[in-house]
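Peer 1: Below are the features I grabbed from TrEMBL:
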- Cys229-Cys297: disulfide bond (DISULFID)
- Cys258-Cys319: disulfide bond (DISULFID)
- Cys299-Cys308: disulfide bond (DISULFID)
- 7-29: transmembrane segment (TRANSMEM)
Amino acid sequence: MTGLNCCFIAGSVIGAVVCLLGAILIPVGDYLIGSTVEKESVLEEGTTAYDNWISGVPIYREFYLFDLQNPSEVLNGSIPHLVQKGPYTYSTRYIPKTNVTFYQNNTVSFLLESGAIFEPSLSVGPEEDMVTTLNLAVAGVYSLLNHSLANMIIQLSHSSLFQNRTIKEILWGYQDPMLKTKLGLFYPYNGTYDGPYSVFTGKDDISKVSTIDSWQYQKSLSYWNNTYCDMINGTDGSSFAPNMDKKKPLYFFSSDICRSVSAEFDSSVDLKGIEVYHYMLPSQTFAAPVDNPDNQCYCTNMEITKNCSVAGVLDIKACKGFPVLISLPHFLYGSKDLLENVDGLNPNPEIHYTFLDVEPITGFTLRFAKRLQINMVYGPSKVIKILNKVKETTIFPIVWLNE
């Protein structure tokens, strides 16, 4: 069973309720149907929406790692040749919401506990499989420290630009010999929490149901130093207000990428007998400001983005505290430079785009695919010895995920 099917199964409870209500109430009239759906969509104990909202939903996250085939050649000026390995699949966020508290202003707060369990039957191999990839510590000090200091640390620890690690280590953490601390793309994860979130229950205004009122006790972000880019818009993507208007985009906030995004209606599709609205993340989401002026405030690194001219990447260092860039998988919709600096990527909208399938009467997301890629940067340096001969500044893809 894939993550998409699992989300469908969890959400189809509401779809079944809609069908049942429709069969019973059609003779009574559309008004009663609409009012009943709205009542069941409120986030309060005893409603269908609450029962689905509060419980843990099995979500599967597939990881595809990029295995570097020519590390020695890259250190001498060649471009990286990458081979994709995966999926390595984990069940995540299956845990019910915790610390659920209702307030008199018709909001409810909660925490999302994080957990990941490896699923061998859904993976191409064990999580002990090896991969050659970027040395996270070396890439980190390259971006964060004075290069003289970075060179001294790298040489004292005899570190290289690339490393051989297991899938498990790269994702969930390993003891780094250079920094003498634990590093991993998602470390720490198990037992951590996202939030707290505070969302509207919809009791006084159903159009606001599930809309985020605050995240981590703040009504806006502080990462982008801009009122527009720091806005927390919409829901968390798991549900929206009922009786949807497909002419209006959906807005949702993702703590993974430290920003809000929108999705646009694409088509109506049949999902196992239920009509759903298919929404897609626009190709302009990570576009360069010259093509999408709204993204100007997301451009925070003039060197990496070549004065904000590079499309397709989002620098989230201010949010995560580590020099990481987010993109769509295989640099989908990204600038040509991103693809020309590495070999082995094949962006394909059919398998690399993010989408949501939403049941329009209830506003419940029945199927979704969140697809993101994690990248880091290295480049030539006259001071850092191991980087003396590398060809040019490269945004190096490490892994992409399908959730």
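Just so it is clear, glycine is given a Cβ too, placed from its N, Cα and C backbone atoms.
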Peer 1: Which of these disulfide-bonded residues is closest to Cys258 (disulfide bond) if you go by CA atoms: Cys229, Cys297, Cys299, Cys308?
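Peer 2: So, of the listed disulfide-bonded residues, the one sitting closest to Cys258 (disulfide bond) is Cys229.
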Peer 1: Including all protein chains displayed, how many Cβ atoms other than that of Cys308 (disulfide bond) lie within 10 Å of its Cβ?
Peer 2: 17
Peer 1: Just to be sure I understand the packing, how many Cβ atoms besides its own are within 10 Å of the Cβ of Cys297 (disulfide bond)?
Peer 2: 16
Peer 1: If you skip the near sequence neighbours and keep only those at least six away, which residues in the chain come within under 8 angstroms of Cys299 (disulfide bond), Cβ to Cβ?
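Peer 2: The list for Cys299 (disulfide bond) reads Ala288, Pro289, Thr305, Cys308, Asp315, given in order along the sequence.
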Peer 1: Give the sequence-ordered list of residues that share a chain with Cys319 (disulfide bond), lie 6 or more positions from it, and have CB atoms under 8 Å from its CB.
Peer 2: Leu221, Tyr223, Cys258
Peer 1: According to DSSP, does Cys308 (disulfide bond) sit in a helix, a strand, or coil?
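Peer 2: Once the DSSP labels are grouped into three classes, Cys308 (disulfide bond) ends up as coil.
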Peer 1: Based on DSSP, name the secondary structure state of Cys297 (disulfide bond): helix, strand or coil.
Peer 2: helix
